[in-house]
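Per TrEMBL, these features apply:
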- 6-26: transmembrane segment (TRANSMEM)
- 38-56: transmembrane segment (TRANSMEM)
- 68-94: transmembrane segment (TRANSMEM)
- 106-129: transmembrane segment (TRANSMEM)
- 255-273: transmembrane segment (TRANSMEM)
- 285-308: transmembrane segment (TRANSMEM)
- 320-341: transmembrane segment (TRANSMEM)
- 353-372: transmembrane segment (TRANSMEM)
Amino acid sequence: MKEDLLSAVVPLLKLLSIAVMGLILAHRKTQIIPKATFKLLSKLVFALFLPCLIFIDLGRSITLHNLVLWWFIPVNVLISTVLGFMLGVIVVLLCKPPPQFVKLTIIMTACGNTAQWVSVLLVYTLVYYMMEPPMEYYEIIEEDNIENGNGDTRPLVVAAEWPGIDETEISRTPFIDKTSQSSEETSREAIGCFAEPKTVRKMMVVAEKTPIQNIFQPPILASLLAIIIGSIPQVKSFVFGHDAPLGFITDSLEILGGAMVPSVMLVLGGVLAEGPNDSKLGLKTTIGVTVARLLVLPVLGIGVVALADKMHLLVADDSMYRYVLLLQYATPSAILLGAVARMRGYAVSESSTLLFWQHIFALFSLSFYIFIYSQLVSLV
C-alpha cells in the first residue's frame, strides 16, 4: 500500500515543483522572465516538443499486434471523454458559470491528463477549436477603411488568434491582405463578406480561417506518421532501435520530446504568477469541475471497465492492462489544456487556475483511487 501511495504522489509533486519554478520566474515581484516568453514556450510545446514525444513513444511501442490486442485503450479514452463531457454539462447546469466560460468548464471536466495519443488528438482537434475565443474577441474596425480594386471602401478586421497569424500584432492591414495574398479569387470572396451585416462578417472571418489543413497540426501529423512507421516492421527497424540507420535522428527527437512536460508545467506556473484570484470562473464552478473530474469520473470508470471485462472485451488475465484503463479516469485535466489556452489567448487564467487546484487535490484523490484500483485488479 505504501508503495502504491508513493507511486501516485511523487510524480505529481515533481510536476507541481516545476510549476512553482515557473511561478517564481514570472511573478510580478521578480519578473525574471516576461509573460511573452511563456507564450512562445507554449507554441514550442505545440509545434516541436509534443510532436517529438508522440512520434518517439508511439512509434516505438506500436505494432500491428498491439493495435489489435490493445484496441480498447483508445476506445476507453473516448468513453472517458464522453462521460467527462456529460459531467461537464451537469456542472454547467448546477454551477452556472459565466457564459463565456461554459465551453471551458465542459472541456476541463472532459479531458484527462493521460499520455495516450488519442487524448492528444482530441486536445488538438476538438478541444483546440472549442477553445475558439468568443465572438466578442473579434473586432470590426469601422473607422479605418481601405480601398479595394474597384475603388470601394471596406472596413478593416482585427482577427482573433489563428495558426499562422501573429496574434501579438494589432491588425491594421486588410484581412484579405493577411490571409489571401496568393489568391485573387479568395480575396474577392473575402471582400464580398464585408458587405454583410457585422455578425455575418465576424462568422466569415472564423470560417475562412478554418481550412482543413489547420486540423492536421504537428501533433496530429506526428501521431499518423508514428502509426504508419510503427505498423510496418521493415520501416520501423530502419528508424527505431540502437542499430537503426536513422537512430541518430530518433535520439535527437527523444531529447526534444523530453522537454515537453517541464515546458508545459513552466507555462502553467507562469500563468499562475498572475494570481489565482484573476480567474473569473467562480469558486462554485471551480469546485464543481474538480469534484466531477477527480471524484465522480473515477467511480464511473470502475463501472465501464467492469462492464467491458464482463463482455470479454479486455485482454484476458492481464491485471496491469485493467489498471491502466482504470487510471485513465482518475487523472486531473490534461496539462496541455493550459498550453492550448495560452496559445489561443482565451481563458488563460481560468484554465490555469483549474489545472493548479486539480493537481493539488489529485495528490489525495489519485492516491486513494490508485489504492482502490490496485485492490480491484488483484481480484481478477
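Backbone N, Cα and C atoms are what each Cβ position is placed from, and that goes for glycine too.
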For this session: For the transmembrane segment (353-372) and the transmembrane segment (68-94), decide whether they are in contact, meaning at least 3 CB pairs lie under 8 A, counting pairs 6 or more apart in sequence.
Result: no
Seminar exercise, completed: Checking 68-94, 255-273, 285-308, 320-341 against the transmembrane segment (6-26) for Cβ pairs under 8 Å, the most are found for 255-273
For this session: Quickly jot the same-chain residues contacting the transmembrane segment (255-273) by Cβ under 8 Å, restricted to those at least six beyond its ends, or write none.
Result: 15-16, 18-28, 33, 35, 37-38, 41-42, 44-45, 48-50, 52-57, 335-336, 338-339, 342, 348-349, 352-353, 355-356
